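Listed in TrEMBL for this protein:
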- 3, 4, 5, 6, 7, 131, 132, 133, 134, 135, 136, 137, 138, 139: ATP binding site (BINDING)
- 56: substrate binding site (BINDING)
């Protein structure tokens, strides 16, 4: 199946969950429990995570839990074809990007090698850890250089085995699935 069609399926699944808020919240709690008990999380000092848009997995709990545990939090900022990560605090200011994602307003960039755990978003995943995102290959380029642990927080509705990964697709180390 073409990635464009896969993206459409993924968006439909996420929008369906978004309309079923109680189910979405329950699934998020199941996934977060797995994440917070995992060694990827417990051993990480610096987390890379996107500030999600409403229909995606809500990452606000990930961010607040990281701060509560004394971890550093970095969020991505996309410019042209590159993505950089920037350390944020509870006082950080954000601007909405052309993709509709909140990005840090300041320029306090964090080197990729400082990030211990990168939580990678996506629309559709295979159980082997390959993903289809929104297009553009931003995370594939980051994962090509990234040396830390990577994971994704995945609703079971996002698992689809109807496509094959391409040579430039990068595999996620671990999926946390409800």
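The backbone N, Cα and C atoms fix where each Cβ goes, glycine too.
Because TrEMBL annotations are produced automatically, they should be read as predictions rather than curated entries.
Keep in mind that what you see is a predicted model, and the values were worked out from it rather than measured.
Other C-beta atoms found within 10 angstroms of the C-beta of residue 134 (ATP binding site) number 15, with every protein chain shown included. In the structure as shown, the Cβ atom of residue 136 (ATP binding site) sits within 10 Å of 12 other Cβ atoms. Of the recorded residues, residue 136 (ATP binding site) and residue 56 (substrate binding site) place their C-alpha atoms 18 Å from one another.
Taking a C-beta cut-off of under 8 angstroms and a sequence separation of 6 or more, residue 3 (ATP binding site) has the following same-chain neighbours: 132, 135, 163.
Using a 10 Å Cβ-Cβ cutoff, residue 7 (ATP binding site) registers 17 neighbours. Annotation for residue 138 (ATP binding site): same-chain Cβ neighbours under 8 Å, separated by at least 6 residues, are 76, 78, 81, 82, 83.
Each residue contributes its Cα atom, and for residue 5 (ATP binding site) and the residue listed as 'substrate binding site' these two points are 18 Å apart. Taking the Cβ of residue 56 (substrate binding site) as reference, residues of its chain lying under 8 Å away and at least six apart in sequence are, in sequence order, 14, 50, 121.
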